[in-house]
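One structure is given below, encoded as structure tokens.
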């Protein structure tokens with residue numbers, strides 16, 4: 001029997017799987033670079049005079065890792081704006097095509113020299129990030145506009161949680177591919193034979209890892225194109241009440257009734273622009289809150305790799321580079337990253353899914369920032385003591401910072417922006433908030449990479465200037481988390497309220513007289 005309840009569990013399950021796969025793909029494409037970056041160094045930057053395995057120069061490493069983040073920032077702004085102009089579904093198709101093409105092209109990066117290969121790789125990863133950037137505001141907007149007010153938080157959080165699965169998948173694919181090649185082409189460690197330790201076949205490994213990211217993007221494209229445009233966009237932005245009702249009736253097997261006259265009235269009354277005084281009066285504080293918290297969160301979140309190398313080395317997950325072949329190093333790095341994600345990142349996401357509609361968005365965000373601040377200080381103050389022998393506390397504190405980032409602001413900063421703004425500006429404002437986050441990610445991933453270098457001349461990694469030291473950098477990150485806690489008070493609690501109430505679009509009542517209460521969405525639902 002067909003399910004007749006609007007926004008029921010059956011429908012949400014259907015939508016979650018289609019849009020969750022998009023975030024799975026995003027995370028896979030963004031984070032798989034970390035599993036093969038050392039392999040790229042061994043392949044293209046080995047210098048026999050150093051007697052050490054090849055490593056990417058500081059500027060090349062920063063570019064390879066950061067170019068996708070820059071592309072993501074640009075994509076979030078552009079596609080967020082375009083989603084409010086052309087519609088969510090139409091723009092979605094374009095972002096997925098970009099992701100498929102650039103995933104394959106990244107693996108086909110060509111050239112006869114290290115510089116040419118890295119240049120083409122960075123070019124395609126920028127545009128891959130550009131496509132990924134569009135997925136943030138568009139997915140969030142579509143999910144919010146399909147969800148009901150009672151379970152909207154867990155619905156959006158469940159889709160966003162697929163990022164954790166994508167991170168694990170990227171590491172798993174690297175494990176499998178490197179293990180297969182290592183078994184087919186066994187080679188000695190670098191210390192035994194520097195040249196033979198990096199076989200020519202290793203060049204195929206990183207290319208396969210990148211290109212396999214196109215598969216979930218293709219599947220996502222097929223599923224997403226089967227979904228109609230959201231009713232809220234069709235009715236409140238395009239002004240087509242009849243088409244909105246027809247689309248939602250088809251998707252949910254429930255009869256929708258939208259009164260054209262009331263839609264027209266709302267579009268006349270609430271027609272202020274993003275740069276108007278009316279927007280500043282209604283939503284200026286909200287936009288400041290969503291951008292500042294996401295910016296501060298991503299500085300801390302993307303700087304976690306500052307001490308990842310110490311973690312992996314001290315707990316013996318990653319032996320010295322010279323004792324491994326190139327393919328064995330890929331295997332061990334990928335395995336360590338998968339363990340961290342499974343033990344802290346993934347559980348943090350799903351704790352949020354289970355509790356967000358019970359605890360609320362703002363309490364979870366406040367708790368997450370508070371706990372991240374506490375654990376960061378607990379980690380940073382005795383950092384050198386922990387690093388030299390206290391391995392268990394070292395890894396536990398590290399894991400808990402990830403856990404409370406995801407059972408906290410990493411999820412809520414994604415959800416809150418899509419709930420506060422009106423339909424015609426919803427995708428744009430989410431894109432602006434997400435882009436602020438990626439600006440923070442760039443600061444965290446690269447600004448703090450340089451800041452964490454030793455303050456003593458000669459103790460820095462090759463190619464880096466003197467910095468503040470890891471301990472000082474981590475203390476600064478603790479302060480940044482504390483600022484995120486304070487900025488959270490700029491955003492209201494959104495739990496249990498309809499999008500129309502939160503955005504102010506209920507100024508003109510759109511629902512028919514038989515609606516169950518005054519906080520129903522702008523589209524009336526009747527059982528068919």
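Positions of Cβ are set from backbone N, Cα and C atoms, glycine also.
Residues or ranges marked as domain 'Major facilitator superfamily (MFS) profile' in TrEMBL: 15-496. For the domain 'Major facilitator superfamily (MFS) profile' (15-496), the predicted model reports an average pLDDT of 86.
For the transmembrane segment (60-79), the list of distant contacts is 29-30, 33-34, 37, 40-41, 45, 91, 94-95, 118, 121-122, 125-134, 136-138, 302, 427, 431-432, 434-435, 438-439, 441-442, 445-446, 449: same-chain residues at least six beyond its ends, Cβ to Cβ under 8 Å. Per TrEMBL, the feature transmembrane segment maps to 60-79 (among others).
Residues of the same chain lying 6 or more positions beyond the ends of the transmembrane segment (91-110) and with a Cβ under 8 Å from any Cβ of it are 22, 25, 29, 75, 79, 82-83, 116-118, 120-121, 124-125, 127-128, 130-135, 138-139, 142, 206-211, 213-214, 217-218, 220-221, 224-225. Under the heading transmembrane segment, TrEMBL lists 91-110 (among others).
Per TrEMBL, the feature transmembrane segment maps to 116-134 (among others). Within its own chain, the transmembrane segment (116-134) is flanked in space by residues 25-26, 29-30, 33, 40, 44, 60, 63-64, 67-80, 82-83, 91-92, 94-99, 102-103, 105-106, 109-110, 431, 434-435, 438, which lie at least six positions past its ends and keep a Cβ under 8 Å from the stretch.
The transmembrane segment annotation in TrEMBL covers 155-181 (among others).
Marked as transmembrane segment by TrEMBL: 204-223 (among others).
Taken from TrEMBL, the feature transmembrane segment covers 338-359 (among others).
Positions annotated as transmembrane segment by TrEMBL: 366-385 (among others). With a cut-off of 8 Å between Cβ atoms, the residues of this chain six or more beyond the transmembrane segment (366-385) that come close are 297, 300, 307, 397-398, 400-401, 404-405, 407-410, 412, 470-471, 474-475, 477-478, 481-482, 484-485, 488.
Under the heading transmembrane segment, TrEMBL lists 391-408 (among others). Cβ atoms under 8 Å from those of the transmembrane segment (391-408) belong to residues 164, 297, 300-301, 304, 307-308, 310-311, 314-315, 340, 343-345, 347-349, 351-352, 364-365, 367-369, 371-372, 375-376, 378-379 of the same chain, restricted to positions at least 6 beyond its ends.
The transmembrane segment feature in TrEMBL is assigned to 429-452 (among others).
Under 8 Å from some Cβ of the transmembrane segment (472-491) lie the Cβ atoms of residues 285-286, 288-290, 292-293, 296-297, 299-300, 303, 306-307, 361-362, 365-366, 369-370, 372-373, 376-377, 379-381, 383, 409, 416, 420, 448, 451-452, 455, all in the same chain and six or more residues away from its ends. The transmembrane segment annotation in TrEMBL covers 472-491 (among others).
The transmembrane segment (204-223) makes contact with the transmembrane segment (155-181): 3 or more of their CB pairs lie within 8 A, with pairs spaced 6 or more apart in sequence.
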